[in-house]
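In what follows, a single structure is set out as structure tokens and then discussed.
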């Protein structure tokens, strides 16, 4: 429980949402504004999906995370270990949902672009080519059973790029140790209204709206940090 909580707090802080230490007034998490309009990613992702995904689904994770943290703060004040432990699933699920979606919105852009030369070199070194990386990440994401995410991450220990899949809303770094660079949300709410049950079409299309500048910036920070 303690390690999960610490990991979530660390990552959420890195995405501009702060938790004040126990005993102080806690600042609530909020849904970040999108860096583009709801219709900006059309025809790849419809405005209807973006609005529901951002204003309803992400908002629900944020609301439930705030509720769970309030309960945690009360339990810590009372030193109620049973309640603290029981809150771990809600913190992991809703905290992960907030972390993942905050990254996801920034990972997308109507202007697309290309990987930086440094990221392109790393992709070529670790996957052979950008097309090979896309194919492997696509297969991994399409193959997620039920709901979850496919990720391109960075392994600080091996100093290599690495792919991973996470179930549900499990956040990549606390779950695997990999620094998240680019994530594909394969929950049905991310694509069903437009792509129905054909997940492969959605996964293939999303590469047309990857914000490679954002992914490259994340790689630079992870690689040099």
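Heads up, the Cβ atoms here are built off N, Cα and C, so glycines get one too.
Record features (TrEMBL):
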type: DOMAIN; residues: 28-109; note: domain 'Manganese/iron superoxide dismutase N-terminal'
type: BINDING; residues: 53, 101, 185, 189; note: Mn(2+) binding site
type: DOMAIN; residues: 115-218; note: domain 'Manganese/iron superoxide dismutase C-terminal'
Residues satisfying Cβ distance under 8 Å from residue 53 (Mn(2+) binding site), sequence separation of at least 6: 101, 189, 190
Chain-mates of 53, 101, 185, 189 with C-beta within 8 Å of site centroid, Mn(2+): 54, 57, 58, 104, 187, 190
Taken over the domain 'Manganese/iron superoxide dismutase C-terminal' (115-218), the model's mean pLDDT: 98
Among 101, 189, which are binding-site residues, the residue with the most C-beta atoms within 10 angstroms of its C-beta: 101
